[in-house]
Amino acid sequence: MEAATAPEVAAGSKLKVKEASPADAEPPQASPGQGAGSPTPQLLPPIEEHPKIWLPRALRQTYIRKVGDTVNLLIPFQGKPKPQAIWTHDGCALDTRRVSVRNGERDSILFIREAQRADSGRYQLRVQLGGLEATATIDILVIERPGPPQSIKLVDVWGFSATLEWTPPQDTGNTALLGYTVQKADTKSGLWFTVLEHYHRTSCIVSDLIIGNSYAFRVFAENQCGLSETAPITTDLAHIQKAATVYKTKGFAQRDFSEAPKFTQPLADCTTVTGYNTQLFCCVRASPRPKIIWLKNKMDIQGNPKYRALTHLGICSLEIRKPGPFDGGIYTCKAVNPLGEASVDCRVDVKVPN
């Protein structure tokens with residue numbers, strides 16, 4: 001009899017060929033009680049298609065489910081005539097009370113209605129056909145929320161900060177922890193606010209606490225399923241007390257801002273046309289506030305209705321209303337205060353239009 005050649009094996013499965021013993025090579029011996037009319041031994045049908053398992057790509061790494069979820073795995077395989085499919089869990093037979101298996105012509109289905117953590121482990125599917133066998137391994141991990149940290153302690157309070165310490169939970173939910181979530185609540189409002197998320201250490205410093213408030217703290221453990229359902233709360237409150245502050249005033253010399261008048265912007269010469277209002281501007285700085293006097297050709301023009309003088313924030317202006325030919329000349333702005341006086345001049349020419 002010719003030896004079968006090994007076929008191509010699907011990823012995630014292995015093909016084994018059972019070796020034939022010398023006894024298998026000898027022709028069957030007829031027993032003494034067998035007569036000429038005894039039936040001949042029945043031969044196995046020839047293997048038309050070698051067994052092979054097609055493991056889905058998603059199952060080539062650990063298959064993670066939450067407690068209570070349904071596990072429904074369909075694993076295709078091949079083999080002709082129909083091979084025998086056998087499942088094992090960690091090398092032992094399946095618990096039929098929790099796990100059900102349906103084997104078809106071309107696939108095998110593993111079904112768990114409500115997964116529990118005890119269902120985690122290594123599942124192996126063996127597809128046997130004659131002396132040939134293909135195997136595939138699937139790692140299933142069933143996880144749930146972690147337990148709360150075992151305890152939390154308020155270590156120290158200073159300034160606007162508090163130091164906390166806690167111990168990891170006894171039950172991590174059958175998977176690694178992703179960190180801790182730290183929350184604070186002041187006794188006035190009683191509302192919880194998150195101050196740290198995905199924190200990996202078992203001690204922390206909570207800062208930016210408000211003076212005059214008292215705070216409680218709690219810590220949640222977190223894994224792939226979420227936060228723990230409960231969290232331990234500190235038995236001691238962190239009282240942020242207001243420190244007594246003494247203000248010392250420093251003496252300083254009173255500055256004297258008194259200043260004699262000084263023009264920072266002088267008057268500018270200008271030429272205007274008869275009948276059009278003209279304005280003159282200049283800027284003066286002085287303390288105390290100076291008295292402003294306007295002169296034309298050294299004659300005081302205060303109170304003359306033809307002129308309008310204004311002073312605001314050190315800006316001095318003089319409006320000449322509809323000047324005539326005799327309104328030209330030298331205009332002077334004089335500023336006077338108890339510390340002195342200053343003056344500026346300009347020439348105004350009035351032209352008659354042609």
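A Cβ is built for glycine as well, from the same backbone N, Cα and C atoms used for every other residue.
Mapped onto DSSP classes, the domain 'Fibronectin type-III' (148-238) shows 0 helix, 49 strand, 42 coil. The domain 'Fibronectin type-III' feature in TrEMBL is assigned to 148-238.
Per TrEMBL, domain 'Ig-like' is recorded for 261-345. When the domain 'Ig-like' (261-345) is classified with DSSP, helix, strand and coil residues number 3 helix, 54 strand, 28 coil.
Among the features that TrEMBL reports, region 'Disordered' is placed at 1-47.
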